[in-house]
Amino acid sequence: MSSQNLERQRIYQVWPAKNKFYCGGRLVFGPDASSLLLTTCMIGGPAIAFSIRMAYLISHRHPFFHSLTLIGAILLTFMAFTFLFLTSSRDPGIIPRNKQVSEAEIPDVTTQSTEWVTSKLGSVKLPRTKDVMVNGFTVKVKFCDTCQLYRPPRAFHCSICNNCVQRFDHHCPWVGQCIALRNYPFFVCFLSCSTLLCIYVFVFSWVSMLKVHGEFYVVLADDLILGVLGLYCFVSVWFVGGLTVFHFYLICTNQTTCENFRYHYDKKENPYRKGILENFKELFFAKIPPPLINFRDWSPEEEDDVEVGSIASELVRAFGPKDTKMSSGKSDSEARER
């Protein structure tokens, strides 16, 4: 390695947002990544207690039944933690910031806007919003003062991470990360596995106790651990399961949490809806796009040399030239402010 590279820093070391980076910038976490410890304990604690109890019962009663139950619990727990890690440790779709506003982003003066902002250059005034065509619908995109760009459709600036993020759904404190374009499928799988694990532990805790002959209260007192685990999972499944059902509804209608609360697409025409099967195919079977930023790259030597990202190119990369078209001025379609 040259002495010049030794003096330079990588992008993750100078990134101005609040993310936490590990393994030399290979793992990207949110600023509240420490909350993962609580989530891990809430899932792992009951799962480990249940597994230990099943292992104990293998040598005491119904060994075949409890052996299969133990294997199922271990598999579900492993899957839940795998998807949790994949959700929390990857770039969710962070959009590169502009050091300056490129000419491609300066809209025509005919663009209608009631509010104008001054870029960091101080010499260029930009409208606060401009129109973008998405699948025949006009969508308003906002200018982000922090990132110095017009956000792509469905993008949002997360105040917790201080990044503009592609197809932003929400910032989840339980995983300590934004849920967005590049980790949403893993998040849904994590919720699904957690829900199944809750149901699994609840059902087999009670089935295991019911296999013991005698008064229910006597059996419960004799195996209090399984009783407590069953009650814990019964309460938990209403929260985790409800969230899982809600996100499957969002997938069916091709909405994000942010859009559902802000724009109520269930009462309006949704420009992104493609039908239930196509919506699921787009989420779970389409290739996850590569990150727009390689945080392990060397940071530019001269701050003025590099414009880290241009919204015109990002729109094409994120949505494809057939789906998105820049437009100046108003359209007759209903404009949705983004």
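Along the chain as shown, the residues are counted starting at 1.
Yeah, the Cβs are placed from backbone N, Cα and C, and that goes for glycine too.
These features come from Swiss-Prot:
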ACT_SITE  CYS172  active site, S-palmitoyl cysteine intermediate
COMPBIAS  320-338  compositional bias 'Basic and acidic residues'
REGION    319-338  region 'Disordered'
TRANSMEM  32-52  transmembrane segment
TRANSMEM  68-88  transmembrane segment
TRANSMEM  186-206  transmembrane segment
TRANSMEM  225-245  transmembrane segment
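Same-chain residues lying 6+ beyond the ends of the transmembrane segment (68-88) with a Cβ under 8 Å from its Cβ atoms: 29-30, 33, 36, 39-40, 43-44, 47, 50-51, 54-55, 58, 175-177, 179, 183, 186-187, 189-190, 193-194, 196-197, 200-201, 204, 208. Within 10 Å of the Cβ of CYS172 (active site, S-palmitoyl cysteine intermediate) there are 22 other Cβ atoms, across all protein chains. Secondary structure at CYS172 (active site, S-palmitoyl cysteine intermediate), as computed by DSSP, is strand.
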